[in-house]
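Enquirer: To start, I am sharing the structure in question, which I have written as structure tokens.
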Amino acid sequence: MSIKVGINGFGRIGRILLSNALEKPELSVVAVNDPFIEPTYAAYMLKYDSSHGLFKGDIEVDGQNLVVNGKPIRFYSERDPANIKWSETGAEYIVESTGVFTTIDKAKAHLNGGAKKVIISAPSADAPMFVMGVNHKDYDGTPTVLSNASCTTNGLAPLVKIVNDNFGIVEGLMTTVHSYTATQKTVDGPSGKDWRGGRGAAQNIIPSSTGAAKAVGKVIPAMNGKITGMSFRVPSANVSVIDLTVRLEKAASYEEITSAIKKAADGELKGIMAYTSDEVVSTDMLGNNNSSIFDIKAGISLNPNFVKLVSWYDNEWGYSRRVLDLLEHVAKVDASKK
């Protein structure tokens, strides 16, 4: 089964999606669209990455094509998704990774060019959200536009699922200590409604809002209204960490909670949830394929019903991996419906 993929937006996530797709034999990226760069510049940015290093493969440019490991990838430069001729390359599954077209109405414009399904690599206000290992099996082939939620929701939801399934969560608060992203400022500048967000990203720890915790309630309905959270944007280029503090229904020692997480990570959530007892720091998680890596030694329990859990995630690499996993899952479900 060969799944032909198109990528709209060749920013951080778009480029890392392409790099990851090359490791998946069932996926073939046949087209990329980005109106702000030329193919030669796209090739340069794909080859050299300040966080993930030199691209492991061959990259060339042939007219309007990128040629990656000998395979041509058509490069478009359309501002309006409705004008991208995905059908020219046979691209049926489109990853919408611009961060702009995140509603059903905006993202479905890709269907005009021949796309079959659109997966938004960001949270969406109205598209159904799916998180691998949590609710991906709920996909029934019906939606034409769906969301892979956020990197933080992907890091948080598997952890919440394990804890709630085993011990029950009464309520919880999450803080993500999050690396800065492209939307932030390198030096102080205007930032509309979010004044703190306009301060220099490399100089400050910046409190910020996040909908990631509330979004868990959309993929785990039992958690709706029970978890919320916030973010601290910190002077780090990549890798983030979740601090989840929960009150449990069923009393449990920290060791029992750890045992439940390890069991799930070695079983049903293998490749999505992982764990470590090493004395790790953020850079040790660069390029980690998992959605969430539970740090056994970093958590702490106040009493058997109140515990803090810590879990790392590569907010670029691990998240991009899940987008592609979801795409593969969607394509297989779609094929089974024919």
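Just so you know, glycine gets a Cβ as well, placed from its N, Cα and C.
Source: prediction; values computed, not measured.
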Enquirer: According to Swiss-Prot, Ser150, Cys151, Thr152, Thr181, Thr210, Gly211 bind D-glyceraldehyde 3-phosphate; which one of Arg196, Arg233, Arg247 is listed for that same site?
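Expert: My reading of Swiss-Prot gives Arg233 as the candidate in that site.
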Enquirer: Cα-Cα separation of Arg79 (NAD(+) binding site) and Thr181 (D-glyceraldehyde 3-phosphate binding site), in Å?
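Expert: Cα to Cα, Arg79 (NAD(+) binding site) and Thr181 (D-glyceraldehyde 3-phosphate binding site) are separated by 22 Å.
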Enquirer: Among the binding-site residues listed here (Ser150, Thr152, Gly211), which has the Cα closest to the Cα of Ile13 (NAD(+) binding site)?
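Expert: Ranked by Cα distance from Ile13 (NAD(+) binding site), first place goes to Ser150.
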Enquirer: Who sits close to Arg233 (D-glyceraldehyde 3-phosphate binding site): which same-chain residues at least 6 apart have their Cβ under 8 Å from its Cβ?
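Expert: Result: His178, Ser179, Tyr180, Thr181, Gln184, Gly197, Ala201, Asn204, Ile205, Ile206, Ser208.
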Enquirer: Of the residues named as D-glyceraldehyde 3-phosphate binders, Ser150, Cys151, Thr152, Thr181, Thr210, Gly211, Arg233, how far apart in Å are the Cα atoms of the most distant pair?
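Expert: Taking every pair among Ser150, Cys151, Thr152, Thr181, Thr210, Gly211, Arg233, the longest Cα gap is 16 Å.
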Enquirer: Compare the C-alpha of Ser150 (D-glyceraldehyde 3-phosphate binding site) with the C-alpha of each of the binding-site residues Arg12, Asp34, Asn315, and give the closest one.
Expert: Asn315
